[in-house]
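*Asks:* So that we are looking at the same thing, I have put the structure below in structure tokens.
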Amino acid sequence: MASLSIANKIAKEALAEFLGTAVLMLFGVGSVAQFVLSEGETGSTDQVRWAWGLGVTFGVYVAGGVSGGHLNPAVTLTLCILKRVPWIKLIPYWVGQYVGSFVASCLVYLVYYDAFQSFKGGNYTIETASIFSTYPQSYLSLANGLSDQILGTAILMLLVLAVTDPNNMAPAKGYVPFIVGLVVVAIGMTFSHNCGYAINPARDFSPRLFTLMAGWGHQVFSVNDYRWFWIPVVGPYIGAVIGGAIYEACISLKFPCFKHDNGEADVVDLEFVNDSFQTTGDVGSSSKYQHDVQVNHREITNL
């Protein structure tokens with residue numbers, strides 16, 4: 001019964017990831033479809049960036065209370081590595097995220113089906129395939145494209161950890177989805193020219209698989225002699241892990257916090273505390289403070 005209960009809980013969380021990711025993709029891909037199929041008459045590049053950001057916000061609001069609202073396999077992997085999420089949840093979350101992205105792509109295609117058929121004679125080209133997935137500029141090398149995805153996702157992961165860290169300056173819980181959405185908008189406004197800003201393996205691979213099946217054919221994978229499609233998949237995984245490692249090394253591990261009874265926290269230099277007690281030999285309440293600091297430090301480093 002206990003194992004069944006755990007399985008049901010994980011299944012519920014995976015479904016939340018499915019739904020949250022679908023919401024994200026409906027707004028994001030839908031905004032690009034509207035912009036491209038209207039040839040710029042309806043929408044703009046800035047509106048597309050805001051739609052992706054708001055899609056993240058709404059998706060996290062949908063799933064956040066159940067699964068944490070990762071909506072991104074690279075984020076889930078990094079949180080597992082950092083021991084914030086149990087490894088047993090990794091594959092179910094990934095399934096929910098990738099399938100949610102695929103289903104949302106299907107829905108956007110169905111809504112705009114007639115528009116696809118009338119756009120430039122109904123020819124399914126990379127121009128319309130780019131509604132669903134990201135493609136590189138003609139000048140972009142593979143190394144530059146990979147570094148683009150690594151940096152963008154590292155920024156995303158670092159800021160996600162920052163705004164959800166109770167020992168840092170985390171906002172009230174209800175504001176987190178909005179702020180994470182703003183992070184995505186900011187990344188889109190600064191790092192989208194080279195190849196879009198996938199920064200999410202599910203956001204790129206699932207729609208690409210859909211376009212392969214929906215009539216665009218192998219061209220969606222054969223761009224740059226089949227050397228591109230893996231960049232927006234592998235790059236975000238690498239970037240998220242790097243971003244998480246940087247935050248852990250520079251903030252979480254470097255600056256442990258002492259929590260007061262009133263909930264406030266002070267950044268503590270453990271070496272200074274230990275040296276002070278060794279010098280003064282003070283006991284009583286001071287030793288309790290030292291003990292609490294050390295316990296809190298262990299809790300932080302074991303997250």
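Note: Cβ is positioned from N, Cα and C throughout, glycine not excepted.
Feature list, courtesy of TrEMBL:
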TRANSMEM  14-37  transmembrane segment
TRANSMEM  49-69  transmembrane segment
TRANSMEM  90-112  transmembrane segment
TRANSMEM  142-163  transmembrane segment
TRANSMEM  175-199  transmembrane segment
TRANSMEM  228-250  transmembrane segment
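A description of the local structural setting of each listed feature is requested, covering burial, neighbours and distances.
*Replies:* Away from its own ends, the transmembrane segment (14-37) comes close to residues 43-45, 47-48, 51-52, 54-56, 58-60, 62-64, 66-67, 69-72, 89, 92-93, 95-97, 99-101, 103-105, 107-108, 111-112, 115-116, 119, 127-128, 130-132, 202-203, 207 of its chain (Cβ-Cβ under 8 Å, at least six residues beyond either end).
Taking Cβ pairs closer than 8 Å, the transmembrane segment (142-163) reaches residues 72, 74-75, 78, 136, 169-171, 176, 179-180, 183-184, 187, 191, 194-195, 197-200, 224, 227-228, 231-232, 234-244, 246-248, 251-252 in its own chain, all 6 or more past its ends.
For the transmembrane segment (228-250), the residues of the chain that approach it from at least six positions outside its boundaries are 72-75, 77-79, 81-82, 133-136, 142, 145-146, 148-158, 161-162, 195-196, 198-201, 204-205, 208, 220-221, judged by C-beta separation under 8 angstroms.
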